[in-house]
């Protein structure tokens, strides 16, 4: 039998072993073995691209995987529910009576400090949970990890419901429930990104944000339904419904496949094949499934050569992980600095300030706009790409925030804040708040989760995603805690702060964030390792699809003047 024939009869796993053995001998020269092994662990040094790609099928073929990913994404609903309900709790009479303080005349109130702590401490719990509990996904699998963090979330809800009149008990409950949501925020997008077909990955990961908006909207509606009660029904019923959402999440995990990348990492090759086959609705022995498994195994085997991943590897610039970590943390931070939670956490309070008699109703309007707009976001993320959507989102939100803040500063109180507000100015502000929410929900709401979930190599993915997501929670805490103080001091001038952040976001995306639409996770990794310039990334072609005339070096440098580079795509 010839050598070529022998290779042709090898299984994908046997072929991979042969390739790895040969490449290992090449990479083992004494002079720079350690350096090359480190690079090889992230995919450099050899190319393991699937020879046969999984074909794109009609939309009806992806109904099953879409439903499964929506079940995983339901973790976002849990987070959104908290955001939608807490904004109403802090304005409900029974909640204020139990957890607030008393003026000298006997009236109850929540101080700015206590309000800020109750609202925002949830984010600190989320940041800690994202860093600590996301490790469960590497240890026991993404599915088991999600179930465990949901149970932790339930414990936090029990503590909150059991609170009678001690605000610090409620405070502790929010920290613990935040731990669970922090783990969910890392593991849900991670699992979706690893089970979804590459041409649907952006859409399906965006379903996590869709669930967040659904939770916010229904949370607003529940607050509206309970506001007329005079007892703890006002806030205990919305909290009690959290048990239903958590149990649905746990039940849904029994129907979804485990990450094929995790299964390959722990040696469960047959299960990895089945997971890929189920997600793409093809036979387990389909050549495209075998090729996909081989590509995944190549990355896993290369990672094993370098040993266990450490936290220190997140700061490696040689393998471009540090650059990716900074970009991921910045994208997540900037999502908060858009000012979205200024509306969502304090929506009820804001619209009282513009003179509305029932600000709960206005919050519902914002919730409807937010939820409906996210469907548009799910479409545009794959139609126009991550980078383009982020740029348009930053530009359009800037315009909306300028109008919103300017009207609030110059027209809302024409005769001073001690006089009635202008109804026309208030209506104008609500309209532009809705425009702003539309622009946010279609771009910066879902896309940061997509970008972060597909940026990092498997070897350090959970660690890197937890750090990037923690940056989001940290800024969420800062905005949630300090907003009452800032708005009390400068009122609607606060909008100009977010406007400045939005301008910065536009240029940051323009110069730093690459386009990853239509690429496998392994191809995204290769693009980062090749050092492709972000403004040329849309034209980058993976090694497996390059023609003879393709110039890879052209993607890594640009001799044009800066002003031309910024708006160049080639």
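Cβ atoms are placed via backbone N, Cα and C, with glycine included.
Record features, source Swiss-Prot:
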type: TOPO_DOM; residues: 1-60; note: topological domain 'Cytoplasmic'
type: TRANSMEM; residues: 61-81; note: transmembrane segment
type: TOPO_DOM; residues: 82-116; note: topological domain 'Extracellular'
type: TRANSMEM; residues: 117-137; note: transmembrane segment
type: TOPO_DOM; residues: 138-143; note: topological domain 'Cytoplasmic'
type: TRANSMEM; residues: 144-164; note: transmembrane segment
type: TOPO_DOM; residues: 165-174; note: topological domain 'Extracellular'
type: TRANSMEM; residues: 175-195; note: transmembrane segment
type: TOPO_DOM; residues: 196-201; note: topological domain 'Cytoplasmic'
type: TRANSMEM; residues: 202-222; note: transmembrane segment
type: TOPO_DOM; residues: 223-236; note: topological domain 'Extracellular'
type: TRANSMEM; residues: 237-257; note: transmembrane segment
type: TOPO_DOM; residues: 258-340; note: topological domain 'Cytoplasmic'
type: TRANSMEM; residues: 341-357; note: transmembrane segment
type: TOPO_DOM; residues: 358-363; note: topological domain 'Extracellular'
type: TRANSMEM; residues: 364-381; note: transmembrane segment
type: TOPO_DOM; residues: 382-388; note: topological domain 'Cytoplasmic'
type: TRANSMEM; residues: 389-409; note: transmembrane segment
type: TOPO_DOM; residues: 410-431; note: topological domain 'Extracellular'
type: TRANSMEM; residues: 432-452; note: transmembrane segment
type: TOPO_DOM; residues: 453-469; note: topological domain 'Cytoplasmic'
type: TRANSMEM; residues: 470-490; note: transmembrane segment
type: TRANSMEM; residues: 492-512; note: transmembrane segment
type: TOPO_DOM; residues: 513-570; note: topological domain 'Cytoplasmic'
type: MOD_RES; residues: 556; note: phosphothreonine
type: CROSSLNK; residues: 560; note: ubiquitin cross-link
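Here the topological domain 'Extracellular' (358-363) has a mean pLDDT of 72 out of 100. By number of Cβ pairs under 8 Å, the transmembrane segment (237-257) is matched best by 61-81 from the list 61-81, 364-381, 389-409, 492-512. Spatially, the transmembrane segment (389-409) is adjacent to the transmembrane segment (492-512); three or more Cβ-Cβ distances between them are under 8 Å for residues at least 6 apart in sequence. Using a cut-off of 8 Å between Cβ atoms, the transmembrane segment (117-137) and the transmembrane segment (144-164) share at least three residue pairs, counting only pairs 6 or more apart in sequence.
In summary, the transmembrane segment (144-164) lies against the transmembrane segment (61-81): three or more C-beta pairs, each 6 or more positions apart in sequence, are under 8 Å. Panel annotation: around the topological domain 'Extracellular' (223-236), residues 84-85, 87-89, 92-95, 98, 161, 360-361, 363-364 of the same chain, lying at least six beyond its termini, place a Cβ under 8 Å from a Cβ of the stretch.
With a threshold of 8 Å between CB atoms, the same-chain residues lying at least 6 positions outside the topological domain 'Cytoplasmic' (382-388) that come near it are 199-200, 202-203, 447, 450-451, 509, 513-517, 534, 537-538.
If you look at the topological domain 'Extracellular' (82-116), the same-chain residues 6 or more away from its ends with a CB under 8 A from one of its CBs are 122, 163-167, 170, 177, 181, 212, 215-220, 222-224, 226-227, 229-235, 238-239, 341, 344-349, 352, 359-360, 363, 367, 480-485, 488.
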